[in-house]
Each structure stands twice: as C-alpha cells, then as structure tokens.
Amino acid sequence: MAKLGPGQGLGCEAAVGLLAPSRKREYKACNKLTEGKRPLYAIGFNFLDFHYYEVFATVGGNRVTTYSCLKDGNFAILQAYIDEDKDESFYTLSWACDLDGTPLLVAAGSNGIIRVINCATEKLLKTFVGHGDSINEIRTQALKPSLIISASKDESVRLWNVHTGICILIFAGAGGHRNEVLSVDFHPSDIYRIASCGMDNTVKIWSMKEFWPYVEQSFTWTDLPSKFPTKYVQFPVLVAVVHSNYVDCTRWLGDFILSKSVDNEIVLWEPKTKEQSPGEGSIDILQKYPVPECDIWFIKFSCDFHFNQLAIGNREGKVFVWEVQSSPPVLTARLTNPQCKSAIRQTAVSFDGSTILACSEDGSIWRWDEVDHPKA
C-alpha cells in the first residue's frame, strides 16, 4: 500500500504559529497536588455527562484516581482504585458510560489488560484481556460511549463494547502498523472512521463501515464474549507519513487531523481519501503549532470540548496553549510554575477551556485557571 507524504497534496505552504503569547486569555497557577513518586501518564476530564464536567481522573503506577475541580482552585479526591497487581503501570484512561448512563472509567497499561471501573458502585465492573502487550491509549466513541478503542504495543488496535465485554474488531494484519501503536481516536461525526498512529512513523485512517453489522450485533450478543465472531480489519483507507519519527498523539479536528511526533511541533493536516480506492488519496499540511523542548515521545496534547484551546506540555514542565482554529495559529498562553520542572506527559482542558490541568513525570498534578473567565 502506498504511503502518502506531505508533498502529495496541494503543495501550499503551511501556516506556522508564532511563539509570542497573544495574551488573549490569561491563566494563573493555582494548585499542585502530588500523588506519589511514580509518574502520572494520563489525565482527563469527563465530557460525556454535563453533571460531571468538573470531574477528572489520573493514572499512574497501579492507581486510578478521580477528583473534582473545585471552584476555589482546589481539588477534592472522589475515588481511588488500586489494581491487584502491584507491578501494573497504567498509561492511559478514558471515560465511558453504560447503556443506562452510569459513568465508567476505563484504564490500561503495561500488563495489556483493560480495567473497567463503575464509578457509581466504586467497583471493578469488567476486565478485558486480548492484547498481547502493553496498551498505550484508550479512547471512547462520544456518539456511542459504550464503545472504546485501544492502541497497543502488539501493533494492533481493538474495538470493544464495554456493556457486553466483547472485542468486536481488530485493526491489524497486512496493512496494519509495523511497530507499537501509540495513539488512536474516533472521528467526531463519522461513526465509522478512526485514526491511529505509532512507532512506524505513520498515521493510518480506518473505516468500519462494512463491519458495522458486527458492531450492532455486539450490543445484543447473549452468548459468551469469547464466542463472538471478532473480525479483522486488515487494510486502512489511508496511510500518511506526515512525520519522520514516532507519532505519539493524534486527534481529529472535524475532518482534519492533529498529530505530533518528537520534533517540537503539532501538525494540522487534511486527509483526502477515495472511498472507491482504499489506500489512495492525498494529504495537505495546513498548519504547524511549535512546541519547544518537546522532543521526547509519549507527550500527549488535549483540547476543550469545542476544540478551541489546545494544551500541550514539554519535557521542561512548561505548558503551551494554542488557539487551534485560528489561521495562522495563535499562542494563547505559556503556562509555567517555578516548581514544575519534570516532563508533562499529558494535559486536560476543561469543558469551556477555563481550567488547564497537567500531569507530570514526578507524580504531580498542576492546575491553572483562567483569570476573569466569564461564568455561565
């Protein structure tokens, strides 16, 4: 299958953002909390239910913790889950919900085992086994929040139904990734489409359209999950080489894709696929968002619910906030704290962008709140 490089599009020059903060939005450092000495690899707000917009979770070591962001700038610990295996190291989390709306928290990491926690009963609900190696990222389908997708070191991506415990699809094989899959994301409106990226330096776009009957079947399956006719999706609809090194984070922005590697920038690009000719198409590089000292892998960015603000940390403990949809890109703020010197592994931006959280290599959570943010 042909791999598409940046030259195979319109050839227009990409708009590059300037690193001078516009001060359109000002944030103040207002809190720090240290969970322990083990690195925190993931942090995320719950955008699935407006009752829980102030709730976020972190993972690090064999612990999953949920918090509430209080209006006075403090944190309140809500729940903590300690995995039975003390050697587990969680790398990723995602919020999901059961068919009745019960909030679920899904976490996975070095053991390659997915844990589904019921936040209402505060108990482990389900455990999914299937991946042959560690899991680097889990994402939830916002249009059907009982569907999750996992990206693994075993070079595969898997689609799961958290309600029935079924592994529905495995994206791997002849056209699959050739090294660890580091990040994955569902398209925000095209329910059939996902994007994945990894250590083979590629971003792959996949379609579930012809396999969708199996997705529907997974909701009504009454036999053992192990007896479900799990299907392989072997060929993506597009393979793009936008970066020359590991690609460790990718997110859809409408029909465009944001992705980053270890070369101090995030790239916004447009994939143009041909439905009738899988594997063929073109890509156009649209914009670049510089991020200084962001040259190590497993640093992930995040956005607010409406994809207005994007926040990303670097290896020196600084956070850069970009106005995603401006052209050229506008740097909203550069967030620092004299005590924050460890690598920021992931950020979390609140629903309206008024609070930005970051989790770091030294086990700390950092919080910045917007100054004079208009309250609803």
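Cβ from N, Cα, C; glycine included.
The repeat 'WD 1' annotation in Swiss-Prot covers 85-127 and is backed by sequence analysis. Summarising the annotation, Swiss-Prot assigns repeat 'WD 2' to 130-170 and lists sequence analysis as the type of evidence. The repeat 'WD 3' annotation in Swiss-Prot covers 176-216 and rests on sequence analysis. Per Swiss-Prot, the feature repeat 'WD 4' maps to 242-279. As annotated by Swiss-Prot, repeat 'WD 5' applies to 291-332. The annotation repeat 'WD 6' is assigned in Swiss-Prot to 339-376 on the grounds of sequence analysis.
It is 291-332 that, among the stretches 85-127, 130-170, 176-216, 242-279, 291-332, forms the most Cβ pairs under 8 Å with the repeat 'WD 6' (339-376). Put simply, of 85-127, 130-170, 176-216, 291-332, the stretch with the most CB pairs closer than 8 A to the repeat 'WD 4' (242-279) is 176-216. In the repeat 'WD 2' (130-170), helix, strand and coil residues by DSSP number 0 helix, 22 strand, 19 coil. With helix defined as DSSP H, G or I and strand as E or B, the repeat 'WD 5' (291-332) counts 0 helix, 16 strand, 26 coil. Helix, strand and coil residue tallies for the repeat 'WD 3' (176-216), in that order: 8 helix, 17 strand, 16 coil [DSSP]. Taking DSSP states H, G and I as helix and E and B as strand, the repeat 'WD 1' (85-127) has 0 helix, 26 strand, 17 coil.
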